[in-house]
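S.K.: Handing you a structure now.
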Amino acid sequence: MRSFIQKSLFSLGNKVHANATTVIVTVLMLFSICCYGLQFVHIETDIVKLWVAKGGRLDEELSFLSRMQSTMNYNGSNGGVEIVRENGLGGGYQVVIQTPEYPGQNILDRDPLLKHVDTMREIANFSITLHNVSWSLSDICFKPAPPELDGMAADMSDVIERIVPCIWITPIDCFWEGAKALGPHPPIHTKDLSLLALLKSIPNKKFIQWTYFDPIEVINDIHRMFNIGSHLTFFERAGVGHGYLDRPCIDPLDPECPKMAPNYYDVCPLLNRFFNYAREHNITLEADDFSKDVYEFDLLSILDFGSKRRKRDAFLGMSEALINGTENGNESDSESGALDEIVQKDHDGRNLKERFDADCTAYRGPMMRWMSANPDKWVEFLVKSEYPTFPDYASVMSDGCPGFAKGVLHWPEDMILGGVKREGMGKKMKSAEALQSVFLVASPNDVFLRYKKEGGRTTAKMGLDQLNWSEQLAEEVIQQWQRNFTRMLYKHRANFDNEGLERRTIHPLASTSIADMLQEFCQFNYKIILVGYGLMLVYAVFTQMKNDGCLPSSQSCMGLALAGVLTVTFASVSGLGLATWFGIEFNAATTQIVPFLTLGIGVDNMFMLLHNYHDVMLLTNQHEIGILMRETGMSILCTSINNILSFLAGKPILYVSRANNLLWTILPIPALRSFCAQSSILLSFNFIAILTLYPAIISIDLRRRKAGLRDIICCVRGESREEAYSMITKPHIQVKRIIGDSLPRMISYKDMEEEPEVEPFSLHSLIRNHYVPFINRKCVKVSNFYPMFAVIKGPNIDYALQQHQIDNYRNAIASSKFVIKTKLGEPSEKYWLGMMRDWLASLQKAYDHEMELGKFNLTNGELKSNVSEDALIAHRLICSVGMEYRCEGRVGKVRLVDDMQTINYDGFFNYLTAWYNQDNMMYYVSQASFYPTPPKWSISDKDSPPLVPPAAPLAYSQIPFYLTGLSDTPTIIEMIKEIRSTCDRFVEQGLPNFPQGIAFTFWEQYLHLKSNLLTAIGIIAFAVFIVISILLFNPWAALNILVILVVMTVELAGFMGWAGVKMNPVSAVTLITAVGIGVEFTAHVVLAYLTSLGTRSERTSSAIDRVFVPVIHGALSTLLGILMLGFSEFEFVVKYFFVVMSALIVIGILNGLILLPVLLSLTGAPQEVFSLDGKTRLNLPPPLRRRDIEIEEDDEVLMMMPRNGQPFRSIVI
């Protein structure tokens, strides 16, 4: 077999030599045609498409909703196709993380928290301009839909929608200062409130701000004026309460800190004492002027809102008096004197309390600001009991923080704090190292609908082109805002010290950050590519350079080295073109890794050819290219085929369809499939080029050398013609050839017993005189948070009968230690079925109350008199059964929710419709994402029939959770296994479901990574063994190589663990390809060993002497090829490719040139060829006639050893 392959290679070399120009032109044309495919390049940057395999369980789960939407023909109740309004949360987010300014700083302190407040306010006010419209966070954030009000209250729905704040998860929600970032943005002028401005609960301010907005008081006032019906119960259940007014203040010395705050600091009783202190120390304060902030509404006097008007008049009059008195008085007429005068006199006829309050309003701010700036002076006029009370920040935040709606929004500690430290073994929080705020982003569909102008809506963006406004433009707005958000925070002033030096404490991250990174990652860095290829050219030219004086010698091969690198480069480009023809998409690996990796591997064969080319030219002048291919081709075959196989292990089967390229891999990750496919194609092109194109180029160089022309400078003749000719023209003497020997056997009469001298101080001299004796010595021979959803797969689920099973399913997932819970042990997030049950319970309570008052006819179920809206809704629901409206026999007997918390089976889907429409804000908060959505229905629609239409069976609904403690891959894998097992258990019980979230999308592959990795390594190892056994026809030798390859793989895996390179699909591919790439360091040595004579030690020495130099050159060229990966801007490339591949090369050299020779000297394959006289070199035969040489150049008499041990003569063809 080996002889047949060498014979074929010899024939190939001769044909290439005879038709060099034709071969070059033909191969270049074919490669150029492949390059044409590069115009169809598509770079994939979607992280999900790059990571999730098509057709697998994960892909089926991710595409479940879209498949349901495409297969179900759902129409709304209005008869026309309904635009489905999502739950609003599109899965996007922005994160800002604040870390300490110096090591050891406790982030749970006044200054860091106030810094976080300022950062949040900047983010909330940050805006971009796109399509001639200004967009802020409030325009794209996730916020609950406002309640749909009827009657006169409907005119205020747009203003209410603007007041409803964004939902963000932040630690400052624990404090009143959290309201500062809520806005609203842009500000709402009090005049925009129309009739709402008449309410006593609306402060006398020009703008509405959450810092002094009392939502429950405003809602109660609105309810008294317009009767908002069941919406009142919503706000009560949501727990909006007094908003932020009753939360502690981070800084009690903030003049705006509300009176409801637990640590409100009342400085008014201390004003007189402070003014005396100020007079003694020459301290002058200017009174605050609030007149510009006060909103004047003339109808107040008409509508007898006297108390508010009097309060404002008192404030205005006394503030003016105080200011004027301060400005016009002298030292004796100081602030204290002014206060005394005001308290003692009543110039305007107002009572003393109003005047005192006005004075307090004017001067409390200046006094508090002075105290905040001079804390060391407090002791001079205050006793400790009068000091302001700063909260125990750690205690306040230890149980998490509530959102603006305390009843449904609560942020556990794990979601908002990082690096928490506790006191001893207890649970009391002591400090933290990071604050984290998360801004939830609305879906493009929600933003589109939010500003789509419809009848009765006035909230459409000013200047927005409604004709062109689309969901795609909404998505563009979201992405541009997120990108600018990241850029703004990255350059934030808090990230630099006073001298402008970088000191990062604010760290931004957006859901677009990964896509942007991949987009940048996927761009070719031509500068690095050119530098990398330039270094390779310099190295290749330098290693092949031979000078004759100041000019290149005719024996130099610099031109061939240059041509070799260009050949490999062109082959790689052509391979990428063919890969594009096949539909293999480019990704980050294509642009950052493949060019350098294939270059480094591809030039190895070039160095092997050039190394033997020098020897062939010294020893023969006939059939040089054929002999070169025969003697070197076997090594090229072994290394190239195994390199290609190693990448095919990541891509065992390739299917090409008309639409796209479908791949199945042992490591089922599309990005790695593409990487492996492209690498195998490029290496195949390199293999073809090195066997056809490059030998043709060598044959042209051969003519130059025979003509005695200098290298590179071909127009200049080198040594004298006789001298040059004597170097290449030798008598034709045939000697016995060792099968597969890598050295030519056409030699001169020079005594073969004498080894040729090597140049001193050369690499070859080091090997022969020091390294080979060394390996023959006996001593050497012995010597954080993740969101997730639990998706319920319909529509073949009976939600009514399985409602408690759904509860159990949620509780089972919540029992995991990785799920964030409240202090009561409940999941941190409410879910739709529980919210719907609470709503029905509140309706039942109102219904029972009206029932006790006798407002229902228990016989026929009719109403006797007017009832509350909640009771009316309950009555409609009790009478609605499917598509039938029947009250008789149900009123007073059927309950919406019984004592076992079971929702009535008969009307479950009718109730679902009512809850979705009447409690719509809760639906948004629940993030249920119903599909199909229930039909529209409203209790206030007088024209609609009393029947509440049933909702269609839900094909898709989800339950939200937040995960924590996922600090590393093993922990995440443990979580996935635990959650998956819970989901599978309920699937077996008849509740189809699956988990969904970032952790499941990007870590699912790790579940079977180890088994897949072992399988892949086993496959490639077996393939290498079979290929080498066939090519060398020697399983023993193949086994020697396989042992070294396994050792190399184990050593590389150990190095990765030591270097902190985590095991993931990317590093797994590196391990797999290490098996094939390792053949580069072993096949040459073993082949030379097999074709040598003597004992195992003598054959080992001979093999090392022959191949050490080309193996080193090949290793260094590969290292040089991947060297540029070390200059990548992406740490991932440096760590997972440059470091690992560099380690692989070093490990390959150590094992291939140290361990393998030792192994061969101990357990190497038996000798295949030996001389009759027992010498390590064969005797010279008599000279042959030139005609015999030309007729049968390859016929050589060899002595083979049969199994019985008796020698015999054999003619090898």
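Note: Cβ is positioned from N, Cα and C throughout, glycine not excepted.
These numbers come from a predicted model, not from an experiment.
This is the feature table in TrEMBL:
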type	residues	note
DOMAIN	525-700	domain 'SSD'
TRANSMEM	20-41	transmembrane segment
TRANSMEM	524-545	transmembrane segment
TRANSMEM	557-581	transmembrane segment
TRANSMEM	593-613	transmembrane segment
TRANSMEM	677-700	transmembrane segment
TRANSMEM	1013-1033	transmembrane segment
TRANSMEM	1039-1061	transmembrane segment
TRANSMEM	1068-1087	transmembrane segment
TRANSMEM	1107-1127	transmembrane segment
TRANSMEM	1136-1160	transmembrane segment
S.K.: Out of 557-581, 593-613, 1013-1033, 1039-1061, which stretch touches the transmembrane segment (1107-1127) the most, going by CB pairs under 8 Å?
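M.R.: Answer is 593-613, with the largest number of Cβ pairs below 8 Å.
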S.K.: Any residues 6+ beyond the ends of the transmembrane segment (677-700) with a Cβ under 8 Å from its own?
M.R.: 12-13, 16-17, 19-21, 23-24, 27-28, 31, 34, 560, 563-564, 567-568, 570-572, 574-576, 578-579, 582, 584, 589-590, 594, 597-598, 601-602, 605-606, 609, 613, 625, 628-629, 633, 636, 640-641, 643-644, 647-648, 651, 654, 661, 663, 1073
S.K.: Answer with yes or no whether the transmembrane segment (1039-1061) touches the transmembrane segment (593-613) by the criterion of at least three Cβ pairs under 8 A, sequence separation 6 or more.
M.R.: no
S.K.: Select the range from 20-41, 524-545, 557-581, 1013-1033, 1136-1160 that forms the most Cβ-Cβ pairs under 8 Å with the transmembrane segment (1068-1087).
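M.R.: The stretch I would name here is 1136-1160.
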S.K.: So, taking each listed stretch (20-41, 524-545, 1013-1033, 1136-1160) in turn and counting its Cβ pairs to the transmembrane segment (1039-1061) that are under 8 angstroms, which one gives the highest count?
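M.R.: The stretch with the most close Cβ contacts to the transmembrane segment (1039-1061) is 1136-1160.
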S.K.: Mean pLDDT across the domain 'SSD' (525-700), rounded to an integer, is what?
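M.R.: Mean model confidence (pLDDT) across the domain 'SSD' (525-700) is 79.
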